[in-house]
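Asker: The feature transmembrane segment is assigned by Swiss-Prot to 13-33, 34-54, 99-116, 139-159, 165-185, 214-234, 243-263, 277-297, 300-320, 340-360, 368-388, with sequence analysis given as support.
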Amino acid sequence: MSRVSQARNLGKYFLLVDNMLVVLGFFVVFPLISIRFVDQMGWAALMVGIALGLRQFVQQGLGVFGGAIADRFGAKPMIVTGMLLRAAGFATMGIAHDPWLLWFSCFLSGLGGTLFDPPRTALVVKLIRPRQRGRFFSLLMMQDSAGAVIGALLGSWLLQYDFRLVCATGAALFILCAAFNAWLLPAWKLSTVKAPVREGLGRVMADKRFVTYVLTLTGYYMLAVQVMLMLPIMVNDIAGSPAAVKWMYAIEACLSLTLLYPIARWSEKRFRLEHRLMAGLLVMTLSMMPIGLVSSVQQLFVLICTFYIGSIIAEPARETLGAGLADPRARGSYMGFSRLGLALGGALGYAGGGWLFDSGKAMNQSELPWVMLGVVGFITLIALWWQFSPKRSASGMLEPGA
């Protein structure tokens, strides 16, 4: 085995271990924020939605700058610094008794993510060969699902005692992850050329095809982020116990572990990436619209199952499509900018979703936020269809199996 192949092979295992620590640290804390501050402390969903949206917007909206800096200085210092900032954000969240302190803790958490997320994604693009990326992204997503349910179970158990324990555990996991990267991550460069930060940003902004794709995904993410805000609140309201939230993540883990990789393998040779993305989004949209009308936990979990299946179809295609469009001369910048759709969609989905949820409750129209999200989903589908129509994609979006 050549040294390059050996480095790629070892890199895969490093990425998998690193990803598991990050996912555990995140899901110990974040699924329980809405339960803690809305249900236990009686805050308005809008206040918590602003906090979650702020974290999302800071992490993903500034990601292009984090990626560009990583292109210039390498992945390791950015990743280690970002994970320590995330740990500081979680520690601050544990003592948050006013909205401004929760917002500040989410800002710190998002700033940390801005630094570590783009270089981590760029390392995947650097180390995994193009033909293997779709499957590797599927493996990472399966791991995300397993880590999510383990983290949510641990967080739910700790929440019985004290929310500060929840936050301390999340902070400790990110400190451990920072140490793991500081010790074992080589000083790899992300891009094929060591260009100034400004040049990397310029390459991305000049790539209209990539910019259009990223911005179109804003609507997709407005639906996707509800697994952190409105879905846990709905499960808690209907089941009458925050412990039921862990079953939502258990469902996701079971579906992902059994279906994600087989669906990705089967579909990658039969359908174009953009068609898989649109099919998944359609399933997500159709499953979300009736949620406000359900009256039993069983009905709610059936719709949540369907929503997760749509996500399983869409996510590997979305990641692979974005990675395939990145210019190797500015990988970090591209991966950072690719998060802008998540930044906008997350901010709008959290703050707008929280406001719609409160409004629906006040007007006794619980279906309002879900119907509006369904409308957003259909608008996004139309935008994706327009972008990837045969005439516009003749110059070559990615073919199946590319």
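Glycine too: its Cβ is placed from the backbone N, Cα and C atoms.
Just tell me what is around each of these and how deep it sits.
Answerer: Sequence-distant contacts of the transmembrane segment (214-234) (same chain, six or more residues past either end, CB-CB distance under 8 Å): 30-35, 38-39, 45, 48-49, 52, 56, 245, 248, 252, 277, 281, 284-285, 288, 291, 300, 304, 311, 314, 318, 322, 337-338, 340-342, 344-346, 348-350, 352-354, 357, 369-370, 373, 376-377, 379-380, 383-384, 387.
Counting same-chain residues at least six beyond the ends of the transmembrane segment (277-297), those with a Cβ under 8 angstroms from any Cβ of the stretch are 220, 223-224, 226, 231, 234-235, 238-239, 244, 271, 303-304, 306-307, 309-315, 317-318, 321, 360, 365-371, 373-374, 377-378, 380-381, 384-385, 388.
Sequence-distant neighbours of the transmembrane segment (300-320) (same chain, 6+ residues past either end, Cβ-Cβ under 8 Å): 133-134, 137-138, 141, 217, 220, 224, 231, 234-235, 238, 247-248, 251-252, 255-256, 259-260, 263-264, 267, 273-274, 276-277, 279-288, 290-291, 294, 398.
Residues 212-213, 216-220, 222-223, 226, 230, 272, 274-275, 277-278, 281-282, 284-286, 288-292, 349, 353, 356-357, 359-360, 397 of the same chain lie 6+ residues outside the transmembrane segment (368-388) yet bring a C-beta within less than 8 angstroms of a C-beta in it.
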Asker: Mind checking which residues of the chain, 6+ beyond the ends of the transmembrane segment (165-185), have their Cβ under 8 Å from one of its Cβ atoms?
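Answerer: Same-chain contacts beyond the flanks: 14, 17-18, 21-22, 24-26, 28-29, 32, 36, 75-76, 79-80, 83-84, 86-88, 90-91, 93-94, 112, 154-155, 158-159.
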Asker: What stretch of 13-33, 34-54, 99-116, 139-159, 340-360 shows the most Cβ pairs under 8 Å to the transmembrane segment (243-263)?
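Answerer: By Cβ pairs under 8 Å, 139-159 leads among 13-33, 34-54, 99-116, 139-159, 340-360.
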Asker: Taking the transmembrane segment (340-360) as the reference, which of 13-33, 34-54, 99-116, 139-159 gives the largest number of Cβ pairs under 8 angstroms?
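Answerer: By Cβ pairs under 8 Å, 34-54 leads among 13-33, 34-54, 99-116, 139-159.
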Asker: Would you kindly list the residues that approach the transmembrane segment (99-116) from elsewhere in its chain, counting only those six or more residues past its ends and only Cβ-Cβ distances under 8 Å?
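Answerer: The answer is 22, 37, 43, 47-48, 50-52, 54-60, 62-63, 65-66, 69, 78-90, 92-93, 174.
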